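I have placed the structure first, in the form of structure tokens, so that the comments after it can refer back to it.
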Amino acid sequence: MAPPAARLALLSAAALTLAARPAPGPRPSPECFTANGADYRGTQSWTALQGGKPCLFWNETFQHPYNTLKYPNGEGGLGEHNYCRNPDGDVSPWCYVAEHEDGVYWKYCEIPACQMPGNLGCYKDHGNPPPLTGTSKTSNKLTIQTCISFCRSQRFKFAGMESGYACFCGNNPDYWKHGEAASTECNNVCFGDHTQPCGGDGRIILFDTLVGACGGNYSSMAAVVYSPDFPDTYATGRVCYWTIRVPGASRIHFNFTIFDIRDSADMVELLDGYTHRVLVRFDGRSRPPLSFNVSLDFVILYFFSDRINQAQGFAVLYQATKEEPPQERPAINQTLAEVITEQANLSVSAAHSSKVLYVITSSPSHPPQTVPGSHSWVPSVGASGHRVEGWTVYGLATLLILTVTAVVAKILLHVTFKSHRVTASGDLRDCRQPGTSGEIWTIFYEPSTTISIFKKKLKGQSQQDDRNPLVSD
């Protein structure tokens, strides 16, 4: 046995090595929800993003078994393209290549985005210590779900498969400590299902044991819920409940990325988590829409299967949405002028008219004038180039008052003159007494001259008001 000092040095070195090794980064958004990528419909056309080989077009591979001539209706995702696909149910997407290696004319595609949720990746296993240090077993009928179910029954969080027949369990958070490997290095087929990948030699493929569980509780903003026993076919006589409760969510968006239920007696239901009222029901005859929303923050997912038929099941992706409370709109900054006017006639009017142009505007140096029943208006620049100030309104009002006063004065003057004329006529009648004709002429003539002079005196307003208008100077 090594001395304590040596053991301490070894532990310190191991700790430093572990701390220096970065944990796996965030996975890209999943483009696959099956274990073997049979549902991949992406656009990668190389066997690997770095150092890969270009794929051949599926409509040019007539010498090979899979081409658009044999599958003209897009079966398996084939078409007039060279994207990686998995039309034959292999362990991962692949494509034909032009360069043959030892008579092999196709290659698997390394697609980072084609990794089903719950698949934690492919990692190196040097065996000292292994990535998962819990219990283990081997089986010549091993599948992904048989290993996951075994580890879940032992209350482990992670399940790993190697070489197609070995199953490892554990709770080790540092399962990645020996390094991550390419997904194509874990493509050894499972002994119990040749369409599923079960690791490789010295390579372990890891899964979360929640995958394929019959029931569970979810509270995250987004997750994927699989049917029981997924990716294997679901068993008969299953009754499972999953609660999806996201406090504060205004709605939950559901998307069934996989739905393979062939029996009308097998069903999937969504229930109101508070009242247990059935919201929607889907079965072999009534398939779910592409996506839909439920305006609740608590939903129960229910699955039932009878004792007759089996199928792959379902994978449903949910995404909760929280609507933030409306924020108060900040005060509008009044430093920029907003001019709303007819630009077509503005320049012509400004060049040939002296009228004042009014525009909607706001300026820190000229506070807006409030006019009842309208916007805040400020006079703009006229044709003369001088700004009409705000007091122009008061000048116009004063001019209007003076005009009204002048009109009223003129009316009063006219009434006064009429009354004086009536009085003069009466005096003339009183003066027409018997006498000579020359005296009558003199009396008649003098008032006429006097009245004319009186009018001039009224315009000049230089005489006393109490004088008789018929008396001349």
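The backbone N, Cα and C atoms fix where each Cβ goes, glycine too.
Within the set Cys186, Cys198, the cysteine that Swiss-Prot bonds to Cys190 via a disulfide is Cys198. A disulfide bond in Swiss-Prot ties Cys114 to one cysteine from Cys32, Cys55, Cys169, Cys186, and that cysteine is Cys32.
Candidates considered were Cys55, Cys147. The record in Swiss-Prot pairs Cys95 in a disulfide bond with Cys55.
When Swiss-Prot is consulted, the disulfide partner of Cys122, picked from Cys167, Cys169, Cys186, turns out to be Cys186. It is Asn217, among the glycosylation sites Asn217, Asn255, whose Cβ has the fewest other Cβ atoms within 10 Å in the structure shown.
Around the Cβ of Cys147 (disulfide bond), the number of neighbouring Cβ atoms within 10 Å comes to 29. A distance of 27 Å separates the Cα atom of Asn217 (N-linked glycosylation site) from that of Cys122 (disulfide bond).
Looking at Cys32, Cys122, Cys240, the disulfide-bonded residues in this record, the fewest other C-beta atoms within 10 angstroms of the C-beta turn up around Cys240. Within 10 Å of the Cα of Cys84 (disulfide bond), the following disulfide-bonded residues from the list Cys55, Cys95, Cys151, Cys186 place their own Cα: Cys55, Cys95. Among the listed glycosylation sites, namely Asn59, Asn293, the Cβ with the most fellow Cβ atoms inside 10 Å is that of Asn59. Annotation note: Cys214 (disulfide bond) sits in a coil segment as assigned by DSSP.
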